[in-house]
Amino acid sequence: MDLISVLPSTSKSCVCLHKPLSSSTHKLKPFCRTIRILGMPRPRKSVLMASSMSMSVNTLVSDDDIQRRTGGYHSNLWNDDVIQFLSTPYGELAYRERGERLIDEVREIFSSMSLEDGEFSDLIQRLWMVDNVERLGIDRHFKNEIKSALDYVYSYWSEKGIGCGTKSIITNLNSTALGFRTLRLHGYPVSADVLKHFRNQIGQFVSCPSETEEDIRSIVNLYRASLIAFPGEKVMEEAERFSEKYLKETLQKIPDCSLSREIGDVLEHGWHTNLPRLEARNYIDVFGQDTKNMESNRKTEKLLELAKLEFNIFQSIQKTELESLLRWWNDSGSPQITFTRHRHVEYYTLASCIAFEPQHSGFRLGFAKACHIITVLDDMYDLFGTVDELKLFTAAIKRWDPSATDCLPQYMKGIYMMVYNTVNEMSAEAQKAQGRDTLNYARQAWEVYLDSYMQEAKWIATGYLPTFEEYLENGKVSSGHRVSALQPMLTMDIPFPPHILKEVDFPSNLNDLACAILRLRGDTRCYQEDRARGEETSCISCYMKDNPGATEEDALNHLNVMISGVIKGLNWELLKPDSGVPISSKKINFDITRAFHYGYKYRDGYSVSSVETKSLVMRTLLEPVPL
């Protein structure tokens, strides 16, 4: 008999589903809590202890006499009062007008480079300007100037790199590493072999004995460049190992200063978890304290003032968007869904950290809503719902009709309508942006997503432990990356005609790798807590099944090697030359991957959002930059 049939069972026993999604693996606070569901639950608590930390899984009996599990998650950190009464003066016209004047003045700085820069520094000064406007988060205003500067640098690029200027006799590491990184990120075809010319006679990177600030900055830029590696680039791996070791040792020797803070930020966040708005916030502090800046004070002051002003002006936009998000959250009935995590503000913050252009409001709100829905569904399929209820819900989604709620349990009716209404609303927004109806395309993505949940429910119901390959293929879908990205992405002012969309969304390599890294990183961060909760299936357990005698350490080492390879593959899919797909079309899906990756940098930051994730909200959303 098929345990995942559509017809409901008459049994009232609860099958506790295991679904080791990266977004469903929970690192929990050490407490138990009874959660009221359906009016009058009769609590039965059980606590599972993990070796690394205390865990809690709450068991209760609801009004229908079904024993259910809840995760014991900490509550929503951001109530309506905190958000609704945020005030910022930076939405006023005077600040916007000052910003426009500063933009013009920075454009003049770009223009003056061709007149003022000597031929012994013209290349490095152009790279300095491009690098700094990007790190400060103000590059969207200077697209033409950036292209002109990089075209100029690339015209002097050689297989041995570049020097500081067009008349420089020899190349140097700082100019070449910074130039390589910047040119590659903008799609110029530059080879990593250029770095081989900075190794010694036995093929090793070596540091300069003098270790001046300029020498150290050269290694900082070498490290930053090494993170933009493509598959098979051994010299990039060597550069990363050397520069990371060097910079960690340097931090132990130099005093606290702007350079040490820059090194600390670069080492901590690297490239794949260095979200653009977070980088801007951190770099504003570093840039403003760098008294030995190689450029004149005039350039530094203008860039810094514009970066601070832009950062704060955007917070006034965020306040308006947060008010809209909270209305949706309340109107959708989300506060009444008490068994789930409420992380809508955190998801909005992640969206704001990767797409902070004012016109991308639809993306930011859509991403927050989609991720909230995914979290509710995740907790429902993973913990709270019975197999029979979940079969009904999955079938109802495929009907896509409000009347389908007639066959659902009461607690599922509101969840169904939240999915139905929000997906329809996002499709309407996408139609405005793309000029075509994408609802059926979006529905198909959600259906496949829920089918992957049900596959995992079938595995747990039958006690089946899949092979690693079988688990990963299904887990890439159940990770939720595709449904979190698809509709928000289509609301942007970036054209996604069908031939472009298939290179960004399913079945593209970019989408496959993005889903893979979310599954792999999620499992490596959360498998111990899942296992302590009685959920055995993960990348780690499946690998150990396929490789008898392998230890957990063996499995983790294998997965970390896989993750490193996936990251390089993502770099290639984003930046490969002559792909026929603009980098701008691929970048948002790539950046969504970076956002999710950030959430798993230290822990499961979606279940335990009260540490690093809370700090991200405070630093990028709630706290203005002092002018």
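Using N, Cα and C of the backbone, Cβ positions are placed for all residues, glycine too.
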Quiz prompt | Annotated stretch (motif 'DDXXD motif', per Swiss-Prot) among the listed ranges 173-177, 193-197, 198-202, 378-382 | solution = 378-382
Quiz item: Over all shown protein chains, what is the count of other CB atoms within 10 A of the CB belonging to ASP382 (Mg(2+) 1 binding site)?
Solution: 28
Exercise. Taking only the Cα atoms, work out how far ASP530 (Mg(2+) 3 binding site) lies from ASP382 (Mg(2+) 1 binding site), in Å, as a whole number.
Key: 11
Quiz item: Of the residues in the motif 'DDXXD motif' (378-382), how many are helix, strand and coil by DSSP?
Solution: 5 helix, 0 strand, 0 coil
Practice problem: Drop a 10 Å sphere on every Cβ of the binding-site residues ASP378, ASP530 and tell me which sphere holds the fewest other Cβ atoms. | Solution: ASP378
